[in-house]
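First the structure, in the form of structure tokens, and then the observations on it.
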């Protein structure tokens, strides 16, 4: 097991990249702690699979270094890195039995037969496939095959890291929850460094201690689920995490006040002069409807999603969504929206501005 | 499942039935007709029953031809299938050289059979052939017209040259369909090159390889033109395979009855083997569907 360091790492699929736009992965410096559970979260094409393949050695980066512990593995072949990887679509060896599939990585490394046997049985128990151990892998369902892939990824105890590349894409929703819980339990038990690539925020937020949000080849924020929710470092994080995402409105900010399309809004913090394109962001959970204060709002739609209601509306500065807890009525004539001051974040050219201090 | 029954549907398959009747069933029936009768010319036929079949089953000539044929097909398969796989494994996967290889590989398949025979007939000649003359000047006693072993070697090498491409191209198509993730997973699992072949490539090629084996078996079992052009079935009868023997019997000696009985048994053997292949293949397909 090892700490993973990404040192000025960048990658372009082009032979002679010229500008930043040619890079699928823009230069980054990160240290991922030994034993951490990390999720790489981002939309399709943001570079998360590229990053994963660089770490696993299936791809050589154009710049920078990858270190496992103190060892530079940038140019080491996959086999020398001692990592495990689970792919998006199940990869099983069709002609082998389930048992042989699970034992394959151990046998290839010349482990003792008795150890292989007990370890395979342990893993089979975890993924719930003890019954099927002697069946041929051909003819199993996609679910079962992906469970074998997961099992094969976890069968080695001495791996530096286990990488998951959207492993639950082909799994039924009810199985997703179960497998995610099992992965989490495994992580607690063995404390492997785990890196989990996904575009599903629920998966990322439930699995990981630290979520790494990627956007356009860049890591825009790395933090706990709580940090991502409360203080998104980039408007993309605000928009991508949460359902619905953060409300983002163009504003002018001075001191502890923001002005949005002529309306004054109180901020929870004091800000020095903010340059560039200034926006404020507030999550729908911290918005309230009001009759006599706040930003004028025209409600366009109310969606009841069970535990809460989502109110969608338009202001002069753009659309705003609100999440109302169950049982909270929508008052007659409430045509304004109020933001909780301490929950407002200020952004300059999409990046979060650190406040100077608390508002007086 | 409920299906609507409508007997008018039969009219829709009628054209096909008529076509198949004229192209296959009626010619086959004339053969059946010959096989149960005897004639002394003059278009006079006498009922012979199963006599010709009985004769043929006890004919050393037929059993010998069948034996030679079986050995030939077996050798062809044993050489061409592994060789074709080996070639496919070493072909480039993409880019200019992939297309180049495909074109070069396809060339022998496009040459008419009798031209292939003529090429090798000349190629192997000791007096003027590049191969024959070179071997002779190296002091190797090679002569496919007089030495049975040399004749067999020539016919086999010719067939390998002609048809290995087919196996290679089919195997190549099978290899191309393997997702990259399988190779990546194998690298992560530290699988050896042999294990990658044994557990990934071979199982994924299984379907196309069965087709390749079936095609090569049927074609080699019916081989006529190329050995006929090169050796004419000789020296002696050593390269007289089933088709060559059949033609000799029917056209050369005008033994229509025995030749017809022979044809029918020949046809049944091919039908039987093809049926076995078909059954194996559809069973594999079914297994694939249930996964």
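Cβ atoms here come from the backbone N, Cα and C positions, even for glycine.
Checking the ranges B:12-36, B:37-61 against TrEMBL, the transmembrane segment annotation falls on B:12-36.
Per TrEMBL, the stretch carrying the note transmembrane segment among B:126-150, B:151-175 is B:151-175. In TrEMBL, the annotation transmembrane segment applies to B:259-281, one of the ranges B:236-258, B:259-281.
Among B:12-36, B:70-89, B:96-123, B:259-281, B:70-89 has the largest number of CB pairs under 8 A with the transmembrane segment (B:151-175). By the count of Cβ pairs under 8 Å, the stretch nearest in packing to the transmembrane segment (B:12-36) among B:70-89, B:96-123, B:196-218, B:259-281 is B:259-281.
Same-chain residues lying 6 or more positions outside the transmembrane segment (B:259-281) and placing a CB less than 8 Å from one of its CB atoms are 28, 31-35, 52-53, 55-57, 62, 66, 207, 210-211, 213-214, 217-218, 221-222, 242, 245-246, 249-250.
Beyond the transmembrane segment (B:70-89), the same-chain residues lying 6 or more positions past its ends with a Cβ under 8 Å from any Cβ of the stretch are 105, 155-156, 159-160, 163-172, 174-175, 197, 201, 205, 209, 212-213, 216-217, 220-221, 223, 241.
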